[in-house]
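Each remark here refers to the structure printed beneath this line.
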Amino acid sequence: MDLRALLRKLGHGQSLNADEAYILGKGILTGTLSEVEIAASLTAMKVRGETAEEVAGFVKMAREFAVRVPLTVEAIDTAGTGGDGAGTINLSTAAAIVAAAAGAKVLKHGNRSASGMFGSADFMEAVGYNLEIGPERAARLVEEVGFAFVFAPKYHPAFARVAPVRRQLPFRTVFNIVGPLANPGLVKRQLIGVAETRLLDVISEAAARLGFEHAVVVHGSGVDEVTTEGETVVYEVRKGAAERYTISPGDLGAPRVPLPRASSKEEAVAKALAGLRGELLEASIAIAVNAAFALYVAGVVKDVKDGYELAINTIREGAAYRKLMEAVESSKT
């Protein structure tokens, strides 16, 4: 299909189907489109609102361009769209560590923070993890240690083509939605946090279209995490269908506590580590409620209440922090 025809379609406020979005995305990443055309297409989708079909098409394209991690075991991911501006510590990464310590296999895919203070890669780098590990090594770490972190720019090098345009646009684009769904290990089980409520529908439908076995999409009262301060809206995707419900900390057996926030990278690292060691109550609880959903998605527990109990005990027993240190040391060898 003619790329210019797709651009005209977007210019008239029309949405693309998944195949058309795939073609457009390929045109962007291969350099076929100019920077002006890329900016126009990303802006048109943003103004209208990206659809689930468009996201699914872009994810399919991103997966084809990715450096593949050859997983030999079934793994999960925990990822968020970011952009909530809440200043919380990196809960999804800490929750992934806890889930791994409690028996899940985790291939955590992430990046540095693009708009906020602290991304998952910033945290992993700060604790000494080697961000340069290759795909075969990552697969072995998932199998042997139960956890590996893969740095998005290393596994999605084609995204560098669109980076200059994205940096100049004063808003987040479809690529911010695609990233969390484009795990290079092609995981089929995932916890996904969204910063905007409209993305609950978009991402859950996209996950269903992409054939996820079990995905849970969450928005926690303004943050792209499961919140400990109030209600979290949950869209649970299984067998191509999504179920919507809300959940509060008490439903998991957890108390309501303030989300752990930080005003610097150093403070964010310190609070996350204290939470993983069980030394900062609010951080430990916030990490555990997110890990509860990760363990549920992984099939380690039958429900999130059991997941929270397992997660908080894993933290209290010191296993979560030990798993982080094991992952860090294993990434260097």
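The backbone N, Cα and C atoms fix where each Cβ goes, glycine too.
Look at Asn111 (anthranilate 1 binding site): DSSP puts it in coil. A sphere of 10 angstroms centred on the C-beta of Asn111 (anthranilate 1 binding site) encloses 19 other C-beta atoms. Residues or ranges marked as anthranilate 1 binding site in Swiss-Prot (evidence: sequence analysis): Gly80, Asn111.
Within 10 Å of the C-beta of Arg112 (5-phospho-alpha-D-ribose 1-diphosphate binding site) there are 17 other C-beta atoms, taking all protein chains into account. Annotated 5-phospho-alpha-D-ribose 1-diphosphate binding site per Swiss-Prot: Gly80, 83-84, Thr88, 90-93, 108-116, Ser120, in sequence order.
There are 31 other Cβ atoms within 10 Å of the Cβ belonging to Glu225 (Mg(2+) 1 binding site). What Swiss-Prot records for Ser92, Glu225 is Mg(2+) 1 binding site.
Residues or ranges marked as anthranilate 2 binding site in Swiss-Prot: Arg166. Listed in sequence order, Leu42, Thr173, Phe175 are the same-chain residues six or more apart from Arg166 (anthranilate 2 binding site) with CB atoms under 8 A from its CB.
In the shown protein chains, 27 other C-beta atoms lie within 10 A of the C-beta of Asp224 (Mg(2+) 2 binding site). If you look up Swiss-Prot, you'll see Asp224, Glu225 marked as Mg(2+) 2 binding site.
All protein chains considered, the CB of Ser92 (5-phospho-alpha-D-ribose 1-diphosphate binding site) has 28 other CB atoms within 10 Å. Taking Cα separation as the measure, Arg112 (5-phospho-alpha-D-ribose 1-diphosphate binding site) is nearest to Gly80 of the binding-site residues Gly80, Asp224, Glu225. Sequence-distant contacts of Thr88 (5-phospho-alpha-D-ribose 1-diphosphate binding site), defined by Cβ-Cβ distance under 8 angstroms and a gap of at least six in the same chain, are Val223, Glu225, Leu259, Pro260, Arg261, Ala262, Ala286. Proximity of His109 (5-phospho-alpha-D-ribose 1-diphosphate binding site) to non-local residues of its own chain (separation of 6 or more, Cβ distance below 8 Å) is seen for Asp77, Ala79, Phe149, Val150, Ala152, Tyr155, Pro180, Ala182, Asn183, Pro184, Gly185, given in sequence order. Proximity note: of the listed binding-site residues (Gly80, Ser92, Asn111), Gly80, Ser92 have a CA within 10 Å of the CA of Asp224 (Mg(2+) 2 binding site), given in sequence order. Rounded to a whole value, the Cα-Cα separation of Gly80 (anthranilate 1 binding site) and Ser92 (5-phospho-alpha-D-ribose 1-diphosphate binding site) is 7 Å.
In the three-state DSSP scheme, Thr88 (5-phospho-alpha-D-ribose 1-diphosphate binding site) is classed as strand.
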